[in-house]
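Report on the following structure.
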Amino acid sequence: MKEILLRLSKLCVQEGASGKKSKKQQQRLLRNMGAHSVVLELLQIPYEKGEDVRMQEIMKLAHEFLQNFCAGNQQNQILLHKHINLFLNPGILEAVTMQHVFMNNFQLCSEINERVVQHFIHCTETHGRHVQYLKFLQTIVKAENKFIKKCQDTVMAELVNSGEDVLVFYNDRASFQTLVTMMRSERDRMDENSALRYHIHLVELLAVCTEGKNVYTEIKCNSLLPLDDIVRVVTHEDCIPEVKIAYINFLNHCYVDTEVEMKEIYTSNHMWKLFENFLVDICRVCNNTSDRKHADTVLEGYVTETVMSIVTTFFSSPFSDQSTSLQTRQPVFVQLLQGVFRVYHCNWLNPTQKASVEACIKVLSDVAKSRAIAIPVDLDSQVNNLFVKSNNVVTKSILSWRLSAKNAPRRDSNATASVSYRNIIERLQDIVSALEDRLRPLVQAELSVLVDVLHRPELLFPENTDARRKCESGGFISKLIKHTKQLLEENEERLCIKVLQTLREMMTKDRGYGEKLAPLPAEPEVPAADELDPNQPQKQLEDQRRGEALRQILVNRYYGNIKPGARRDSVTTFSNGPVPPGTEGKPRAVVSSGAAAAQGELTLHEVQCRLDKEGASDLVIDLIMNATSDRIFQESILLAIALLEGGNTVIQKSFFMRLTGENKSEMFFKVFYERMKLAQQEIKATVTVNTSDLGSKKKEEEPPDKDTPTAKGKKGMEVAVVSTVAVAVVTEEVKEQLAEASTVTKKAFTRYRREAEAEEHLAAAEGQGPASTPDDQEGEMSVIITIMQPILRLMQLLCENHNRELQNFLRCQNNKNNYNLVCETLQFLDCICGSTTGGLGLLGLYINEKNVGLINQTVESLTEYCQGPCHENQNCIATHECNGIDIIIALILNDINPLGKKRMDLVLELKNNASKLLLAIMESRHDSENAERILYNMRPKELVEVIKKAYMQGEVEPNEPAEEDEDGEEEHAASPQNVGHNIYILAHQLARHNKELQALLKTYGEGDEALEFYAKHTAQIEIVRLDRTMEQIVFPVPNICEFLTNESKLRVYYTTERDEQGSKINDFFLRSEDLFNEMNWQKKLRGTQEPTTGNANTVPSQPILYWCSRNMSFWSSISFNLAVLMNLLVAFFYPLEGIRGGTLDGHLSALLWIAMLVSLAIVIILPQPHGVRVLIASTILRLIFSVGLEPTLFLLGAFNVGNKMIFLMSFVGNRGTFTRGYKAMIMDVEFLYHLLYLIICSLGVFVHVFFYSLLLFDLVYREETLLNVIKSVTRNGRSILLTAVLALILVYLFSIVGYIFFQDDFLLNIDRIPNKTLESGASMVGEFLSAEVCRKDSGENCSTEAVVDAAIATQPSAVVIEDKERSCDSLLMCIVTVLSHGLRSGGGVGDVLRKPSKEEPLFAGRVIYDLLFFFLVIIIVLNLIFGVIIDTFADLRSEKQKKEEVLKTTCFICGLERDKFDNKTVTFEEHIKVEHNMWHYLFFIVLVKVKDSTEYTGPESYVAEMIREHNLDWFPRMRAMSLVCSDADGEQNEIRSLQEKLESTMKLVSNLSGQLTELKEQMTEQRKQKQRIGLLGHPQHPQHANPQQPA
């Protein structure tokens, strides 16, 4: 137990010369493990405190651990504060532990309860005056150099209330003597628990309670410890320095440094008595400096710190200026100044003490000048010189700093000392750099082992233990991730960043789990000397060996000894040299797995999912929402990018579920929204300055090389700042004044910064630029703007693989406050490209090398928002009120200068991404709104000119793309021709909505090679979506498709079979893999790079094999012609022995030579096939008559063997047979056929010429008609075979009947062999003669000779007569006779049997026998066989005709017939050539295979998924968009006509209603007028009446 507690205590602190230093990481580790909880439980165990000594030791060690556990660690202090009741007992150990709990923790001290203070005061009263109680009270009064007034008042009140049991001051005479006695006895050694030490700490406690100008405590302390008592104690001759320090500090804070004037201190003589005592102590410390071993350091500290502090405070006080006692005490004052000045020149002063003494001298000197005190002349001059030197040092330091900041490259050439010291500093810097380079591989090795440990932490523990099981279940990583959240809460930023970086390292690129992740931070710059060092590769190998050796040692230390084969070799690069060729832009340091090769079995996807399972996604989301600094935020974003790299759908789903399930999306997206707004404000605040600078650069037309010296100057300035500061520190001129200047360096630098800022503000007010160099004027982008690049990359990865949920989620979160990040990203693009300032025409001035990467990322993110397609995001971008669409169009159409003059590759990449974005906005849309919005501000002619310009740029620099190919595909993707191709596809899509653009793309003329090239290499297909809607896709044809041979095309076109539904798609799709492999082989054959691999190396060129394979059909025709010629020679002239070479007639010989020469000339001048044939024929004839027929045949046969070998090479070259393995080669029937052909040719040459006859069967292989003849027998071979078996059965039955009943009728007419050939054929005759023929009367068989003799004897020598022979004496002979003669005779077996007489009893039987055989066998069975063969041949012919008809009249893809396109806008020929070109579908499948999955468009992702599932529903079957559109057009025309009629009717109705309203208004107006007239007219009648008229 003791050892455990001791080890735990040592883990928390580190012992050093300067004291104990806390180890926060170990303290945190112990806190997370819960070690403090166990120790707290240990403290609660009851035991006998007086008797159990061992338990007391354990308790002491437990308290020591808790004290070290919370030393300097506020989090641990807070944890222990929760258990404070355990320590509220009288124990001394508890008091010390409480002191450590509250030490330097302002929060805990401020919140302390009065009960705690009362407890310790009560313990002092009841359990003795222990120093530890007072130390605790001192701890809670002052924390973190701040005075806590509440605690001061509380402690002071409790002390006053406690009485004399606590407050022991020795004020009276008797007690004072006790104090003197204690000081005398403890002079040499002081006991920590003595009464004197308690008294000293009590005075110190009172001093701390009055510190900080606390009026309440000052008044209380005045009454407790009067000034008289202080003076009496301090001035006593036996007073020790420790007591003096305590009393003088109390005097300083309670009487001098006060808020209210203490008149007693300035009017009485007490202070001057103390000053006189100070002089005595000053003399003592100045006189005892010779022997430092016996020096009184406590007294020296008292003089240099305490005395100097009170003197400075007393004479600096505003109340001392009103005191008149100084005038009467001038001698003491002068002596005091002299004594202090004398102390200043002591050589044992440290910088802090010297600063304190110098401050005191300055105060005394200022007081002497202000009070007109006479100071000795020599003293006055020495004091003045002291301050002049000090000011000179400070002034020079300020000037050096200012010069180094303003004009770093300029140095004073006369300052030789500065130059020498600068060289020393530069050499030291070189040494440091060399050490860094030397140690960096070792550091990288350690980091790689750390990542290995994180991958397999369970291997650190023995098997079958709880720790190992927890680690195997992911507990270690889970705790590490949870611990990272606590680190952020505890403000441990650096460690939190380190953990995040380590987690990201776990997903760095590795051979074991292949794909590329976020790149590592850039390597430090390598000195130029290393770059030029020819031995650099050797250094890299040496560094790698050292790093690997250390790594192996560390891995063995953690995991134990590992066999080399047990884990995958490390691929970590431990060198720091220049990057090898071909690896630029790739992470140099990659993580390798540790023991057991566990990581090598994991893919990137699995590592990401494992970290997500342990809470990495939750950690990232929490850190992004609660990040306390930009660095934490950035590392969190980078970790999120590493998790999502490659478009991991599991991580995307985890993010989505976390954001939607816990309602954190509003806060999460609010962070990004505010960052975007802040970045836009920052851009708007700086864009005008950048514009003016770039504009001035353009006017001056500075060369691009001018940036280089500027950059060097900037770097030189940074070095100069360091060098100049260092020179200011170590130059000989200021070496003596270094100690003096160090005390005021801070003050001087503060003054310098104040002046520098004032100058900057003044320069800004006068309109000057903020900096003096062009680089400074242009400036780097601020962190507020640069952080946007990883943010946008994260949002892009969230939408990767066209995640529709997250695409919509970025636009609308369905919260109370929605943050539309899609529009905000577009607004950011608008802002960074300067559109908000009205400078759209000056777009190039806003784009430079520093922000082009950010612009590219913005465009790529917008593209990912739209692809899939996500129609809502497409509409959101297309219809947004800002100039985002116009910016994107301008990026394509405009020349982005001056960036384009220096970095055309960046401009091409930008144009490429912009064209992809516009295509994404129009992707999979059946309306024309977005296209019309894009065409609104796009001029078609300019777009076509951009296409031509990009093509011509690629033609002018043909070598550059090739070089880029070697570096990788990414650079090749931004080649001029590829960029032009993408823009052409954009124009092709827009042309459907713009007739002018459509006409420009279709009209080719001179100089339009670009449009012809792109039209040739662009294909379009139609696919069917899951909702059964059709969609047109336009895509670039992959370069590898150019290597598809015409032979393969024809073979696939003619031999693809239809399935049960009449479609060829299934067979065509199955053959696509073989065709793709053939393309790869052809590309290898021609010595070009393989597009499907990331290998930058090229396959060695094979020109001979390629030349052979290119002429395969030519070699085949030569072989066949030679076979025919050789068989003709054999047929006409065999046997060959009699044919010898001889002499021809002179005329014939001359004719042959003339024919040879003429045909040779014709072949050379006009290489025609007929001329070649004539040359070959004349040459062969010449050879026959010159050397003979047999040698000529041998030469022709040998030539045919060589030709067939070349043909086999060409066959292998075209098919890539050997690359597919021996099994595929053996299973390839066609290859075996040609191999058999070669063997037969060899047999003809070396065995016998009759083997040449077998070569004629090649005609069957070459001609499809003959193949059909063979197939007519083989296709229905089973039927024919069964019919033949039936014929054999019938023959067998008829033979039995004939043997039984008609044996004597089987008499066959035979022809005997003439005599001269009889002997040679006797043996053959004997074999076929029956035993019955040569039977003698005696019954004995005769020999062959006897038979021959008998035959000769029975034949006349001159006349050959007919002879008859029995052929059915045995059943076997009957079967042979019936089978041989019966089937070959037209009338059956009856034609060859004896003709019977009608009188014979079996005459009727013979007739029936002959008729049955004729009808059953000859007519029925044989005709059955012939009928099957003929019908099969007819079927084959009709199938061939039908296939040809299908190929001519039916679409290969959709199966629609030609008549479907009659009277349509698209002809059948246009349909199969443009809309449903079968090879375009193959090219699209190849495109999906060779393209990176993260670069897929929406339709490409859909098709790739269908191909992966072998689902062919994306092929259009019995459908075509042209037919659908035409039908839809008819409906649309009807709807449009009806709509027009409705609109005209509505207009008519509106006109009628308007006229009716006008008429109503007129009628109303007329009625009103009539009423008005009527109202006015009635009263006027009496007026107009004549008054004289009678009523």
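Glycine too: its Cβ is placed from the backbone N, Cα and C atoms.
Per TrEMBL, compositional bias 'Acidic residues' is recorded for 957-970.
Within the chain, the transmembrane segment (1114-1136) has long-range Cβ neighbours (under 8 A, six or more residues past its boundaries) at 1108, 1180, 1189-1190, 1192-1193, 1196-1197, 1199-1200, 1203-1204, 1206-1207, 1210, 1237, 1244, 1249-1250, 1252-1253, 1255-1256, 1258-1259, 1262. The annotation transmembrane segment is assigned in TrEMBL to 1114-1136 (among others).
Under the heading transmembrane segment, TrEMBL lists 1148-1166 (among others).
The transmembrane segment feature in TrEMBL is assigned to 1194-1212 (among others).
When averaged over the domain 'Ion transport' (1195-1440), pLDDT in the model lands at 75. Per TrEMBL, the feature domain 'Ion transport' maps to 1195-1440.
Annotation comment: TrEMBL describes 1232-1259 (among others) as transmembrane segment. Sequence-distant neighbours of the transmembrane segment (1232-1259) (same chain, 6+ residues past either end, Cβ-Cβ under 8 Å): 1119-1120, 1123-1124, 1126-1127, 1130, 1134, 1136, 1193-1194, 1197-1198, 1200-1201, 1204-1205, 1207-1208, 1211, 1226, 1266.
Among the features that TrEMBL reports, transmembrane segment is placed at 1280-1302 (among others). Here the transmembrane segment (1280-1302) has long-range neighbours at 1273, 1368, 1370-1371, 1374-1375, 1377-1379, 1382-1383, 1389, 1393, 1402, 1405-1406, 1409, 1412-1413, 1416-1417, 1421-1422, 1424-1425, 1428-1429, meaning same-chain residues at least 6 beyond its ends whose C-beta is under 8 angstroms from one of its own.
TrEMBL lists 1411-1434 (among others) with the feature transmembrane segment. With a cut-off of 8 Å between Cβ atoms, the residues of this chain six or more beyond the transmembrane segment (1411-1434) that come close are 1268-1269, 1271-1273, 1275-1276, 1279-1280, 1283-1284, 1286-1287, 1290-1291, 1294, 1378, 1382-1383, 1386-1390.
The annotation compositional bias 'Low complexity' is assigned in TrEMBL to 1578-1591.
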